[in-house]
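If you check TrEMBL, you get these features:
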type: BINDING; residues: B:ARG42; note: L-glutamate binding site
type: BINDING; residues: B:TRP105, B:THR155, B:ASP175, B:GLN198, B:ASN240, B:THR241; note: pyridoxal 5'-phosphate binding site
type: DOMAIN; residues: B:4-351; note: domain 'Aminotransferase class V'
type: MOD_RES; residues: B:LYS199; note: N6-(pyridoxal phosphate)lysine
There are 2 protein chains.
Amino acid sequence: MKRVYNFSPGPAAIAQEVIQQAADEMTNWRGCGLSVMEMSHRGREFTEILATAKNDLRELMAIPDNYKILFMQGGAIAENAIIPLNLIGKKSQPATIDFVNTGHWSVKSIEEAHKYAKVNIAASSEDSGFNHVPARDTWMLTPDAAYVHICTNETIGGVEFDFTPDVGNVPLVADMSSNILSREIDVSKYAVIYAGAQKNIGPAGLTIVIVRDDMLGHALPICPSAFDWKMVDEHDSMFNTPPTYPIYIAGLTFQWMKRHGGVAAMEKNNIAKAKLIYDYLNSTDFYINKVPAANRSRMNVPFFLKDESLNGKFIAEAEQNDLVQLKGHSSAGGMRASIYNAMPIEGVQALVAFMKDFEKKYA
Amino acid sequence: MKRVYNFSPGPAAIAQEVIQQAADEMTNWRGCGLSVMEMSHRGREFTEILATAKNDLRELMAIPDNYKILFMQGGAIAENAIIPLNLIGKKSQPATIDFVNTGHWSVKSIEEAHKYAKVNIAASSEDSGFNHVPARDTWMLTPDAAYVHICTNETIGGVEFDFTPDVGNVPLVADMSSNILSREIDVSKYAVIYAGAQKNIGPAGLTIVIVRDDMLGHALPICPSAFDWKMVDEHDSMFNTPPTYPIYIAGLTFQWMKRHGGVAAMEKNNIAKAKLIYDYLNSTDFYINKVPAANRSRMNVPFFLKDESLNGKFIAEAEQNDLVQLKGHSSAGGMRASIYNAMPIEGVQALVAFMKDFEKKYA
């Protein structure tokens, strides 16, 4: 079976064991005579699949009991509206939301929040081309903000938080779409963690929301019921029909992670993978990455050929070597290697070997 | 390979050919070395999958050129909020929405609309236990309503529209979640058709919205961008990452329908399937269905055992015969056979044979 190394930023590589298990179980899930896609979400089989996925995620991230796990739809982009719709109701209107702006995904969150609240940009790295995370002591927070919003990994800039900020009693909300489950974090430092599943978890169409219980029950009257976290929680993520097949694949991924040492082992592997490629980037000026060491993303490694006229050749020859989806985001140009949990170290080794060969050939 | 006949109301049976093809293509889609789940939504492979699915749906339903096809998330329940958020902005506020209330799903739509608009119940069959569709000439419509909303098939009551209402110049909006693609309709009679995919189309987590182009561009400022139809259309259903795998399965289903004669052939088959079971119900008083013939749903056939103490035995013995998910909705009790497009006539024959045997045994 031909398989390629897939450096797509998302939807992204899924562990081969998971894909194989999904293929094996597709026509007849554990002898029940049905595909998971065909199961009633309220039947005993799917109820078990959902409960297991939730318990496994709780175990993997050590999510405290006072946090709810919600399986939702619409991705992080929809959640950018759903979060203010759920959280600003605690404050007198118009409420203020503090944002730390570290790149493309932060900007998306900020734009959407303007629909519902006053926005304060507490810190931003825009002036330096979004190439770092502003140090915590430079943030100008609003004392009575509804919440502080951060994006812990920016996939386009390749910039990742290397710290969990202390924001006092104001709820901390984090878009972790692109680095959830890739490193150990202390969930209790956050009020809300949200993530589209299509990077480290599974197929597109599933959004994970981890929310502290005191954040529930404050939705604005204009919040669609299907996106009111309290309603979703009260119905155990079945207020509307959940995206059952994506939840199943997410569950298989959680089990794959548990078999392979959990988040700690993933993090160790991610550090090794990132070191391989960044060490090489440090050693050459044929390729360029301008992010300071502390904020270099372990998940998304953007790099630029010094001679950009070689870009087309790089992509074409990489594909000939079964290394696909390396083209950078249209807004950034250059290249980007997304190396989420499911990318094996062999894939990164193959990429670095190719990059070295390419350098030798064209330098 | 054991396969059972799955009478689930949704998520529901998917054509066996589709499930088999999905299994075969899971690890390596057409030689590209990737599962569809892992493909970038912006890559050439998935772009082709999405475009083909859209074109096939347009062909199957004969959707006129001035209608847009949107692939969205959140199901019909989310869409119940998204529709007023997109449509009432054309009117001075508060706008009025006319509803025809034919059962459980109509009620859901009505409840959600109260968040955003004045609601007028133009007609209702609530007084008679939601057992029929009120005749068009009894509807009390509002002349300047933002739109008229109907649910063309009620899965719990088993009540289906047998006509397309003329509502003059007011836009007609239809929840077709449970009978889309099951019968030929004239799309041009509707302003908006929406449907969760998990009954006649594919896996849960995908919502199909078919919208006439003059309905775009009127979203309220509070409408989340990801649910603003104009934004979704302008980005070809990729304003946010779409539910790629459910779209792929929907596309396989559309191709399966085309191979098997399209909607006309599905309708013919659905008529034959429904006739089999309703003819038998007419012939006995061991089982009961109270819906008048004209409004009996071809998709969902609720029935009750005259002696309800036999309910448990019926379910258990049906399962022993590989006939699963026949239990009625908790609010209705009794039994329900959901026989969407993907249910072969052999499944309905097996069910009727079982029902006859059961009657002989216990009558």
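Cβ atoms are placed via backbone N, Cα and C, with glycine included.
Residue density at B:THR241 (pyridoxal 5'-phosphate binding site): 24 other Cβ atoms are found within 10 A of its Cβ, drawing on all protein chains shown. Across the structure, B:THR241 (pyridoxal 5'-phosphate binding site) and the residue listed as 'L-glutamate binding site' are spaced 9 Å apart at their Cα atoms. Annotation note: B:ASP175 (pyridoxal 5'-phosphate binding site) sits in a strand segment as assigned by DSSP. Most Cβ neighbours within 10 Å among the binding-site residues B:THR155, B:GLN198, B:ASN240: this distinction goes to B:GLN198.
Across the annotated binding residues for pyridoxal 5'-phosphate (B:TRP105, B:THR155, B:ASP175, B:GLN198, B:ASN240, B:THR241), the two most widely spaced Cα atoms sit 30 Å apart. A distance below 8 A between C-beta atoms marks B:GLN198, B:ASN240, B:THR241 as the binding-site residues from B:TRP105, B:GLN198, B:ASN240, B:THR241 lying next to chain A. Counting neighbouring Cβ atoms within 10 Å of each of the recorded positions (B:ARG42, B:LYS199), the lowest count belongs to B:ARG42. It is B:ASP175 that, of the binding-site residues B:TRP105, B:ASP175, has its Cβ surrounded by the most other Cβ atoms within 10 Å. According to DSSP, B:ASN240 (pyridoxal 5'-phosphate binding site) is assigned to coil rather than to any helix or strand. Annotation note: B:ARG42 (L-glutamate binding site) sits in a coil segment as assigned by DSSP. Cα of B:ARG42 (L-glutamate binding site) to Cα of B:GLN198 (pyridoxal 5'-phosphate binding site): a distance of 25 Å. As a whole-number mean, the pLDDT of the domain 'Aminotransferase class V' (B:4-351) in this prediction is 97. Geometry remark: B:TRP105 (pyridoxal 5'-phosphate binding site) versus B:LYS199 (N6-(pyridoxal phosphate)lysine), CA distance 14 Å.
Cα-Cα distance from the residue listed as 'N6-(pyridoxal phosphate)lysine' to B:THR155 (pyridoxal 5'-phosphate binding site): 10 Å (rounded to the nearest whole number).
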